[in-house]
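Engineer: Before I ask anything, let me first share the structure, which is written out below as structure tokens.
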There are 2 protein chains.
Amino acid sequence: MRTVDVALGNRAYPIRIGEGLLADASLITPHLRTRRVAIVSNEIVAPLHLSALRAGLLAAGVDITEIILPDGESYKDWGTLNLIYDGLLAARCERSTTLIALGGGVIGDMVGFAAATYQRGVPFIQIPTTLLSQVDSSVGGKTAINHPLGKNMIGAFYQPKLVLADINSLQTLPLRELQAGLAEVIKYGFIRDLPFLDWLEDNLDALLARDPEALGYAVERSCLNKAEVVAADETEQGERALLNLGHTFGHAIETGLGFGVWLHGEAVAAGMVMAAELSARLGMIHSADVARVRRITERAGLPVQGPKLGAERYIELMRHDKKVEEGRLRLILLQAVGQGVIRDSAPLVDIAAAIDSCCA
Amino acid sequence: MRTVDVALGNRAYPIRIGEGLLADASLITPHLRTRRVAIVSNEIVAPLHLSALRAGLLAAGVDITEIILPDGESYKDWGTLNLIYDGLLAARCERSTTLIALGGGVIGDMVGFAAATYQRGVPFIQIPTTLLSQVDSSVGGKTAINHPLGKNMIGAFYQPKLVLADINSLQTLPLRELQAGLAEVIKYGFIRDLPFLDWLEDNLDALLARDPEALGYAVERSCLNKAEVVAADETEQGERALLNLGHTFGHAIETGLGFGVWLHGEAVAAGMVMAAELSARLGMIHSADVARVRRITERAGLPVQGPKLGAERYIELMRHDKKVEEGRLRLILLQAVGQGVIRDSAPLVDIAAAIDSCCA
């Protein structure tokens, strides 16, 4: 088992990474305040993984409430969040009850926000079952639901007590979702970890073949990168924004098409290519660097072009993003492969040109 | 002007108390991150106080978005909260925009929760315009909305940057609301400040006559008490629970009758009498002490009896309260006048008898 510690003072917590962790309740029970949990999962994940988790906890004498939600980004809204509150209240869950999020990024984000807000805050544990949630959304305490006018517009920073990344759960993941998760893995290479990018270029086939050793390493290295950034800047006042490479473009794609048409990782992948293209247009990197972004993105089975919404519509949607400061679009660009940078000075005409050149 | 400092480390903030503070933008601008605010108020308060606040801020060059909500506890729900989100998103308010809550406890609680969750947290300022919100709800960072199954069930701990308590706004407050606010003022005397209780017994008539000097002192002394408790226990792991004297009984009244039928302070007043009655039944205080609770409550024009819901219904509703721990009702009782105590061992039969003896 691999462990990555997220150093956040009195909100510090471990990420455990390995095969078969789901069934091992001894990893969970030290983090419970009382022997009472509410497991929140969805209709797709629950049949695959809930029974192993349940059996371990029951054997450890833990009382379990189960709340099963519909699956999909389109359900990451107030109505579904309310199903969690309803379930918790109907079961009379208390302030000491620990919420367990069993599922991908949507479940993790929603359960995290429910934990942040139910009775003004209850403990929670993340058990991410997708690659994307294992390497990104389950780590760092960002929780949220979507609003019709923007993705993740309603949320909170709220840290889990524990993250359990069971590599075995990636074996049953649809290929498209595995690929979407790789977008965030690749991102760490481009913004801050060139040796990892080199490793990814060498090991991409092993990852796509779901080699457990390669997956375990990729998850660990991604979490290490994310944990370092989050520990330095928990609430995204500065450096943490680097993690948003490709995200402002990507959010425009997700919102423009309607949540859930493209997977988050797919939108981020096309967004990364746009960010690289814009960086090259601004003279920050070479066209060969852009080609490197395109190549690994394409090899991972991810889109390198966005949908043809028109640059104006993209920019309008990007203006609704949370990364807007005093009316200026704050974007993450590359000043080298392996070195992201925050910029709010990119001219709109260049942003538009970069978008247009990356749409089909 | 009186100032009470809430000592919460990097979340510390001042409470300014005095006459005419609303119109003095120089008290507000040092606390803004950018010259942009969104003022949220309601249909009753806005016509009385918004123009003075607006004029001051405009003169100081501050850009203002205004969001006016319907008035009342029955609107403290998701639908109304969403009107705030909609307004903020429509005006493209950013992470650096400061939310200003102008109104009573409902406005303060909802705007605080909106600030805690809009884009995962934006700065906010409380301008409480009722006695209840000046002495209690605007201080300490508790924010929330109601859920059909329980009051304040969805919320967050989130501190304001500044609280401005303009004593002049109490001159236009309906008498019933002034009296309801006195319930929380009196509470501080009973749980931890006997000299203040003596002062209140001497000055109750001046308070009811809205003498500005008496009101200013009562607000300051109440805020000092609350600030001390909150600084010692921000997220209610222990001592802060003392502030809930009368509240678990009171919440049962509010939920049982439907939110908004009784004012919060009225329900707390009857709840304090029930808590005192229960304390006497358990041999913790004398019947003369209960009589003292009843007498000042009655003199303040507040109810000393709860609605006849039946003790069973009360207890069922109380079990839904947030103050339940491992199935046990955690109540605030009195071990002396001026000394509250947290107890989870009161027998149900005594709780029921205390309730029955205080209902008509």
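The chain as shown is numbered from 1 upward.
Positions of Cβ are set from backbone N, Cα and C atoms, glycine also.
A TrEMBL annotation is a machine prediction, not a hand-curated record.
Keep in mind it's a predicted model, so treat the numbers as computed, not measured.
Annotations for this protein, taken from TrEMBL, read as follows:
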{"type": "DOMAIN", "residues": "B:67-179", "note": "domain '3-dehydroquinate synthase N-terminal'"}
{"type": "BINDING", "residues": "B:71-76, B:105-109, B:129-130, B:Lys142, B:Lys151", "note": "NAD(+) binding site"}
{"type": "DOMAIN", "residues": "B:181-324", "note": "domain '3-dehydroquinate synthase C-terminal'"}
{"type": "BINDING", "residues": "B:Glu184, B:His247, B:His264", "note": "Zn(2+) binding site"}
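Help me understand the surroundings of these features in the structure.
Structural biologist: Summarising the environment of B:Asp71 (NAD(+) binding site), the number of other Cβ atoms within 10 Å of its Cβ, over all protein chains shown, is 18.
Helix, strand and coil counts from DSSP across the domain '3-dehydroquinate synthase C-terminal' (B:181-324) read 105 helix, 2 strand, 37 coil.
The Cβ neighbour count for B:His247 (Zn(2+) binding site), using a 10 Å radius over every protein chain in view, is 26.
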Engineer: Taking each of the binding-site residues B:Tyr75, B:Ile107, B:Glu184 in turn and counting other Cβ atoms within 10 Å of its Cβ, which one has the fewest?
Structural biologist: B:Tyr75
Engineer: Within the domain '3-dehydroquinate synthase C-terminal' (B:181-324) only, compute the mean pLDDT.
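Structural biologist: A mean pLDDT of 94 is what the model gives the domain '3-dehydroquinate synthase C-terminal' (B:181-324).
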Engineer: Compared by Cα position, which of the binding-site residues B:Glu73, B:Tyr75, B:Gly105, B:Ile107 is the closest one to B:Glu184 (Zn(2+) binding site)?
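Structural biologist: The answer is B:Gly105.
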Engineer: So which other residues, same chain and not among B:Glu184, B:His247, B:His264, have a Cβ within 8 Å of the centroid of the Cβ atoms at the Zn(2+) site?
Structural biologist: B:Leu132, B:Asp136, B:Ala183, B:Lys187, B:Gly246, B:Gly250, B:Gly265, B:Ala267, B:Val268, B:Gly271
Engineer: Give me the non-local Cβ neighbours of B:His264 (Zn(2+) binding site): same chain, 6+ apart in sequence, Cβ-Cβ under 8 Å, ordered along the sequence.
Structural biologist: B:Glu73, B:Gly105, B:Leu132, B:Ala180, B:Gly250, B:Glu254
Engineer: Can you tell which of the binding-site residues (B:Glu73, B:Asp109) has the fewest other C-beta atoms within 10 angstroms of its C-beta?
Structural biologist: B:Glu73
